[in-house]
């Protein structure tokens, strides 16, 4: 008998509810084709939660997420709530507390150049023609953003500011394991990013990654300095499979990876804890300027569902079916307006219908 799964669905603001509706269509197709028992509960988060409950992350939403196997998150924020105190705004008051509450230490950001979308890549045509499919694995809770001491002191010519890069062995070990396990589901290559020629934290990082790699003899490991990595991503992104990064370096490289794909509407994201409980969301924002127009690209939200199936539900076959359905739609020239470039475009609803149908049919 198949296991019962429960997903907390948090559509949020802006285009969030529209693109989430398409992901739920695809979830229905997955249920039917793979005989998976998946139930969902919907909760307010972000600006809509402020309007309805007076807080961007209501207690009922947190409690609902605690009862779920994973969180499928839309997007939060918009001009309506920009003048609130920073800690009460949708982004800071909802997403960051959720990450902290569930101890989500790893961030996974796929960046893929899909066949037929090479013209959107800002790289040279001969580089884009090779394509790329990269997974950036970023450590989220350690490093220079959180290390102590940090602050400012002194005055005049002696005023100074300081931050501290701190990593513990256990933090590096667990994010490295995520990267190697992910590589086993892909092309079996990890490139670990550091600055071990200068930084003590990077020397420790490299030593521990080498130790973890011994448990994964089937996965190729390479090390690369961060400055070289930023250049190699421009020169030949096809050389990379999984990038393993500290918090700071991952922040930089994941955005660079996103930019060279040419479309934020195609980029999902996953944040996981040690139990592989995860929060899955599009990498883009709430896009309030196009909300309600039925023109938003839902693919990033649908791919976030695929990540959820793969990492939190261990349903790799279902995740692959979604990815293949999206590939098929794009290869057939199906485009939302952000990808159409003057050609005929389908609506948000139509793109969701097509992908759900292709999942149900199989490719």
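Backbone N, Cα and C atoms are what each Cβ position is placed from, and that goes for glycine too.
Database features (Swiss-Prot):
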| type | residues | note |
| --- | --- | --- |
| BINDING | 78-91, 285-297 | NAD(+) binding site |
| BINDING | 99, 109, 138, 227 | substrate binding site |
| BINDING | 227, 251, 255 | Mg(2+) binding site |
| SITE | 145 | site 'Important for catalysis' |
| SITE | 195 | site 'Important for catalysis' |
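Structure with Swiss-Prot features highlighted.
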residue	record	DSSP class
82	NAD(+) binding site	coil
90	NAD(+) binding site	helix
99	substrate binding site	helix
138	substrate binding site	strand
227	substrate binding site	helix
255	Mg(2+) binding site	helix
287	NAD(+) binding site	coil
295	NAD(+) binding site	coil
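Annotation: 138 carries the greatest number of neighbouring Cβ atoms among the recorded positions 99, 109, 138, 195 [cut-off 10 Å, Cβ to Cβ]. Ranked by CA distance from residue 138 (substrate binding site), the recorded positions 78, 90, 195, 251, 255 have 251 at the top as the closest. Summary for the binding-site residues 78, 86, 90: the Cβ-based neighbour count within 10 Å is maximal at 90.
Annotation for residue 251 (Mg(2+) binding site): same-chain Cβ neighbours under 8 Å, separated by at least 6 residues, are 138. A sphere of 10 angstroms centred on the C-beta of residue 287 (NAD(+) binding site) encloses 24 other C-beta atoms. For residue 109 (substrate binding site), the binding-site residues whose C-alpha atoms fall inside a 10 Å radius of its own C-alpha are 255, out of 82, 86, 255. For residue 82 (NAD(+) binding site), the same-chain residues lying six or more positions away in sequence with a CB closer than 8 A to its CB are 89. According to its DSSP assignment, residue 109 (substrate binding site) is in a strand. Cβ neighbours of residue 145 (site 'Important for catalysis') (same chain, under 8 Å, six or more residues apart in sequence): 247, 248. Other residues of the chain with a Cβ within 8 Å of the Cβ centroid of 227, 251, 255, the Mg(2+) site, are 226, 230, 248, 249, 250, 252, 253, 254, 256.
The distance from the Cα of residue 90 (NAD(+) binding site) to the Cα of residue 227 (substrate binding site) comes to 34 Å. Under the three-state DSSP scheme, residue 145 (site 'Important for catalysis') falls in the helix class.
The Cβ of residue 227 (substrate binding site) has 11 neighbouring Cβ atoms from other residues within 10 Å, across all protein chains displayed. Residue 195 (site 'Important for catalysis') falls outside any helix or strand according to DSSP and counts as coil.
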